[in-house]
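These features come from TrEMBL:
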DOMAIN    42-342  domain 'Acyltransferase 3'
TRANSMEM  67-85  transmembrane segment
TRANSMEM  106-130  transmembrane segment
TRANSMEM  150-172  transmembrane segment
TRANSMEM  179-199  transmembrane segment
TRANSMEM  235-251  transmembrane segment
TRANSMEM  257-275  transmembrane segment
TRANSMEM  296-316  transmembrane segment
TRANSMEM  322-342  transmembrane segment
Amino acid sequence: MATTRRVVAKCERGCCKIKKLSEIQTSDVRTTVVQKLEFLPRLESLRGLAAVSVVGYHACGRFTDTYVTGMAPVVLFFVLSGFVLSRSLARNDDIAVFLRHRILRLFPAAIAVVLLLVALHEAFGFYLGFGPDFSPFNVMLNALMIRHDINGPMWSMTVECFATPVIILAFLGGRRFGLRVLMAAIAVLFGLSFIGSYAHLLGGYTNLAPLYAFVLGVALHFSGRRLVEGIGGRQMVVAVVAGVLFLYCGLQKQTAPIILLEACSSGLLVALIAFGDRQRGFRWLDQPVIGFYGRISYSFYLFHMIGLSVAVRISAIDGWPMLSILLSIVIGVLLTTPMAWISRRFIEEPFIAISRKWRDRRREVLTTT
């Protein structure tokens, strides 16, 4: 009888655990979930840059007739969400805990910005967009991110909520069946992105065309390391090409093929930052100011249209559209930053702490039982 082969795996405290070789999965999909999933501050910084760039896109639309809408950074958000949330599920795949964490992470700040806009409308007649409905029922729908006419950029949060079960299913499918099922899902969703009735299924400003970007992020969780290893010593060349492609596509009309290129270039950047050589190329993301905007990026995105609307009124100069755009970007960022910091400090962080306390309390209960 052949002797069963065994592998000795050392744990962090120096003890040893014996595992059968059959228990060790060799595929990328199965091994990723047992790797140490440390926090990646450079990805948070990348999210911060994307959030700030949205101000520039929206400022251009205020002073020029353009089809550039700021979709590119939103696509990057979606890829990042798929990747980061897959790592969260890899740490703890309890779906109830995951959903509770998502609710406490997304909704408090979103509710706060909707209520602030209601208060500003009642006090000063201030509003964003095309005169939204401030009836109690519509306010509730906006606070729940079912609608987004009170704060237009929240359309992407409507899609984020819609994508939550997609991310869960993609993660479970990728873990169970491997990368092929994720690539098939991406192909199907990309095909659907050409159909207008699908892209605008959720109504309002929403666009489901980049929905597959979430699945791409999930796929990078499982196979991103292998992708980067395949790139080898050409990582910085690929990063530069991906960055240039992303910026170019961001300035184009957002057709289905352009959105696909934005998703692919975003995915390459995410993979290279997460799994690439930490000593090269992306050290500028370690700058404290960029990290700061990464930490407040969610609230910054939610509140930026308030700051930008005030900035546009201050900086508009007749006959000088480019100067007006530049001034509105600078003033918009300066006005939005304190609002975002306050929201992060007094709304986001307390609810994140509540979520962690519930998680730790549940661990204690499980340990004692």
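Backbone N, Cα and C define each Cβ position, glycine as well.
TrEMBL does not curate its annotations; it predicts them automatically.
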Tertiary contacts of the transmembrane segment (235-251), defined by C-beta under 8 angstroms and 6+ residue spacing from its ends, are 57, 68, 70-73, 76, 228, 258-259, 261-262, 265-266, 268-269, 272, 276-277, 280-282
Should anything in the same chain at least six residues away from the transmembrane segment (106-130) have a Cβ under 8 Å from its Cβ atoms, list it; otherwise answer none. 139, 142-145, 149-152, 154, 157, 160-161, 298-299, 302-303, 305-306, 309, 343-344, 347-348, 351
What else in the chain is close to the transmembrane segment (67-85), if you only count residues 6 or more beyond its ends and a Cβ gap under 8 Å? 43, 46-47, 50-51, 53-54, 57-58, 60-61, 98, 102, 156, 159-160, 163, 167, 170-171, 207, 210-211, 213-221, 224, 246-247, 249-254, 259, 262-263, 266-267, 269-270, 274, 301
Beyond the flanks of the transmembrane segment (257-275) by 6 or more, those residues with Cβ under 8 Å of it: 40, 42-43, 46, 71-72, 75-76, 78-80, 83, 190, 193, 209-210, 212-213, 216-217, 220, 224-225, 227-229, 231, 235, 238-239, 242-243, 245-246, 249-250, 281-282, 285
